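Visitor: My questions all concern the structure below.
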Amino acid sequence: MSQIISESLTALSSGQDLTTEQADAVFEELFSGEMTNAQAGALLMGLRTKGEKAVEVAAGVRAALREAKLIKGINSPCIDTCGTGGDGTNSFNCSTAVAIYLADMGYLVTKHGNRAVSSSCGSADVLEDLGVSLGTTVNEARDVLLRDKFVFMFAPNYHPAFGKIAPIRKELGIPTLFNLMGPLLNPARPTHQILGVGRPEILRLMAEVLVLTNVEKAYVIHGAGNFDELTPFGVNDAILVENGELTEVKIDPADYGFAAAKPEDVAVKDRPEALATIRKVLAGTAPQAMLDMVALNLGAAISILDGVSLEEGMEKAKAKVAKGVDKEY
């Protein structure tokens, strides 16, 4: 056992946070394959038991990205919309709809995702059904983005190192730091992000990690109803990340003219309904609660991309969602 692994596991066993140097070194060993499965399991369990801190999550992100297939040459602002998942809500795929609306409006969207976590369909499931390729390679991604304003990067294709860690995660059988890292590992390194969390206690943690991983501007959101998106069910909690500063924000749908709704208004019961619903959402013909939920998240994205107020972003979003996207799906 290397000295850094020994020091780190000893610290975690007594409930101590890892230093930046320890965290960087230990995750480098994890992703390089120098750590045994037993040591990796002890590391992940120790972090989970103690409670992960931003420095530790950020170190994991940096190490994972060093092993990832990164997209080069995107020299313009771009955005990802995603959540940690696991909120158990069985809602329609709002974040993917928001991404498609943004691209339809001319913003560059670098969508990074996987198959279903908490919904009936994950972003990959939905986009595959809409005809979007899941096989875009690292060499193709930039050109696809500049041509279509949208590129989807299917996570397993860009993070081969995770294949070595998957068996350990499966054996542990509990959420670990890797569940937090997922939304932070976009290989295109977007400048902007809408990041949803299903648990309010990790709202600030994820915002702090975005600062440490150099995202320029973002909203980290925890929606009313314990959703990992802004919802029209009540007041939503959010943190604006900008220039390394964190600002807590309450986003009340009523302030922007949205009618109150309930979680069941945005639920889908199975995969076929989820796939049919996304088409209605993109056409602007879905139930109003779903369209409002898309507009709320779209408005937040527009506000950080355009550098305008939430009110201006919401108005622009509502007008767009009312007519649907220009492309037919």
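Glycine is treated like the rest: Cβ placed from N, Cα and C.
On a predicted model such as this, the values are computed, not experimentally measured, just so you know.
Reproduced below are the annotations present in Swiss-Prot:
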BINDING   G83, 86-87, S91, 93-96, 111-119, S123  5-phospho-alpha-D-ribose 1-diphosphate binding site
BINDING   G83, N114  anthranilate 1 binding site
BINDING   S95, E229  Mg(2+) 1 binding site
BINDING   R169  anthranilate 2 binding site
BINDING   D228, E229  Mg(2+) 2 binding site
Visitor: Relative to the Cβ position of N114 (anthranilate 1 binding site), how many further Cβ atoms are located within 10 Å?
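Guide: For N114 (anthranilate 1 binding site), the count of other Cβ atoms within 10 Å is 17.
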Visitor: Quick check for you: of the binding-site residues N114, R169, E229, which have their Cα within 10 Å of the Cα of S95 (5-phospho-alpha-D-ribose 1-diphosphate binding site)?
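Guide: Neighbours among binding-site residues, in sequence order: E229.
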Visitor: Just checking the binding-site residues N114, R169, D228, E229: which sit within 10 A of G83 (5-phospho-alpha-D-ribose 1-diphosphate binding site), CA to CA?
Guide: D228, E229
Visitor: For S91 (5-phospho-alpha-D-ribose 1-diphosphate binding site) and N114 (anthranilate 1 binding site), determine the Cα separation and express it in whole Å.
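Guide: Cα to Cα, S91 (5-phospho-alpha-D-ribose 1-diphosphate binding site) and N114 (anthranilate 1 binding site) are separated by 16 Å.
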Visitor: Hey, how far is E229 (Mg(2+) 1 binding site) from H112 (5-phospho-alpha-D-ribose 1-diphosphate binding site), Cα to Cα, in Å?
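Guide: Spelling it out, the Cα of E229 (Mg(2+) 1 binding site) and the Cα of H112 (5-phospho-alpha-D-ribose 1-diphosphate binding site) are 16 Å apart.
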Visitor: Using a Cβ cut-off under 8 Å and a sequence separation of 6 or more, which residues in the same chain sit near R115 (5-phospho-alpha-D-ribose 1-diphosphate binding site)?
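Guide: Non-local contacts for R115 (5-phospho-alpha-D-ribose 1-diphosphate binding site): C121, G122, A124, D125.
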Visitor: Whole-number Å only: compute the distance from the Cα of H112 (5-phospho-alpha-D-ribose 1-diphosphate binding site) to the Cα of D228 (Mg(2+) 2 binding site).
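Guide: Just about 16 Å between their Cα atoms.
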Visitor: Using a 10 Å cut-off, grab the number of neighbouring Cβ atoms around the Cβ of S95 (5-phospho-alpha-D-ribose 1-diphosphate binding site), all chains included.
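Guide: Counting Cβ neighbours of S95 (5-phospho-alpha-D-ribose 1-diphosphate binding site) within 10 Å gives 27.
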Visitor: If one measures from the C-alpha of N114 (anthranilate 1 binding site) to the C-alpha of D228 (Mg(2+) 2 binding site), what distance in angstrom results, rounded to a whole number?
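Guide: Distance between the two Cα atoms comes out at 16 Å.
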Visitor: Where among the binding-site residues G83, H112, R169, D228, E229 do you find the Cβ with the fewest other Cβ atoms within 10 Å?
Guide: R169
Visitor: Please report how many Å separate the Cα atom of the residue listed as 'anthranilate 2 binding site' from that of D228 (Mg(2+) 2 binding site), as a whole number.
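Guide: Cα of the residue listed as 'anthranilate 2 binding site' to Cα of D228 (Mg(2+) 2 binding site) measures 22 Å after rounding.
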